[in-house]
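Student: Heads up, here are the entries from TrEMBL:
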type	residues	note
TRANSMEM	41-60	transmembrane segment
TRANSMEM	67-88	transmembrane segment
TRANSMEM	145-167	transmembrane segment
TRANSMEM	265-281	transmembrane segment
Amino acid sequence: MALFALLVAIVVERLRLLPSSWQFDGLLLKYYQRLIQQEQPSLSTMTLAAVTPAAIVYLLTWLVSGVFWGVLSVGVWVVIAVLCFSHNPQRQAFKQYIQAACRGDVQACFHYANELDPSQNLTTVSEKQLGTQVGQSVAWINYRYYGAIALYLIILGPVGAVLYCTVRFYSEQSRHANIELPLIDNLLFVLDWLPSRIFAFGYVLSGHFSKAISAWLSQVLDPKRSARDIITQVALAAETLPESSSAPVCLQSTIALLQLSKRNFILLITVLSLMTIFGVVN
């Protein structure tokens with residue numbers, strides 16, 4: 001079911017068939033707006049807010065288990081995968097960045113790069129450095145919005161995917177609103193700890209192994225290393241950035257790291273296919 005759900009979710013996401021208001025973050029935003037009516041949510045409130053969507057999905061999967069020969073269970077897997085995989089804002093920001101670079105609008109490139117990854121300060125970098133940093137952001141977004149969700153869907157099913165997306169959503173909202181939500185950042189660090197290391201190893205296998213493996217080992221052996229550092233540093237080591245090409249300067253490194261991210265995700269789907277064939281996962 002994991003493979004089928006992922007393939008359907010990828011097709012729906014690529015075709016942008018799901019409106020933003022029906023994507024996971026859009027649905028959770030209404031719930032979040034009611035939650036932050038409190039000036040500072042308590043630890044118990046945030047714990048309940050983080051686990052409630054996953055608990056609802058767990059109850060739903062339990063209720064439909066075995067009904068109509070498992071057809072409803074497959075439907076739940078597919079719906080959850082589609083909801084969690086659709087991210088129009090990130091895709092739109094990257095498209096606008098590419099378009100700005102192609103028409104030579106450097107100022108717009110910086111603007112859309114900041115929209116793509118607001119956590120990074122890109123105001124003092126050169127065009128070439130911008131391309132590299134956006135490429136790293138692409139690798140990071142590919143993990144956080146696709147790779148991590150796929151891994152949780154494979155390992156823990158829809159419940160794991162929803163839990164990860166919920167905690168990630170609250171973490172992003174706390175950063176955007178400049179407020180501190182108890183538990184969330186620590187919980188997200190824990191949820192990212194193993195998947196980030198697994199996904200980064202995919203970059204090792206998808207890129208230059210000899211360079212990437214040393215970077216991977218130096219990153220993963222530090223238990224306190226952030227998921228972003230692991231993903232971006234290993235991705236950068238795994239791909240040789242072009243010195244020059246016909247592409248605009250601020251796109252050259254971005255395109256190289258984007259291709260690496262695509263190869264890594266294809267590797268993940270291939271491994272999942274083999275695991276499905278041999279009965280390791282359902």
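Cβ from N, Cα, C; glycine included.
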Student: Which residues, given as numbers and ranges, are at least 6 beyond the ends of the transmembrane segment (67-88) yet have a Cβ under 8 Å from it?
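Tutor: Sequence-distant neighbours of the transmembrane segment (67-88): 1-2, 4-6, 8-10, 12-13, 16, 18, 20, 22-25, 27, 57, 60-61, 145-146, 149, 153, 157-158, 161-162, 165.
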Student: Report, as numbers and ranges, which residues of the same chain sit near the transmembrane segment (41-60): CB under 8 Å and 6 or more residues beyond its ends.
Tutor: 28, 31-32, 35, 76, 80, 158-160, 162-163, 166-167, 170, 181-184, 187
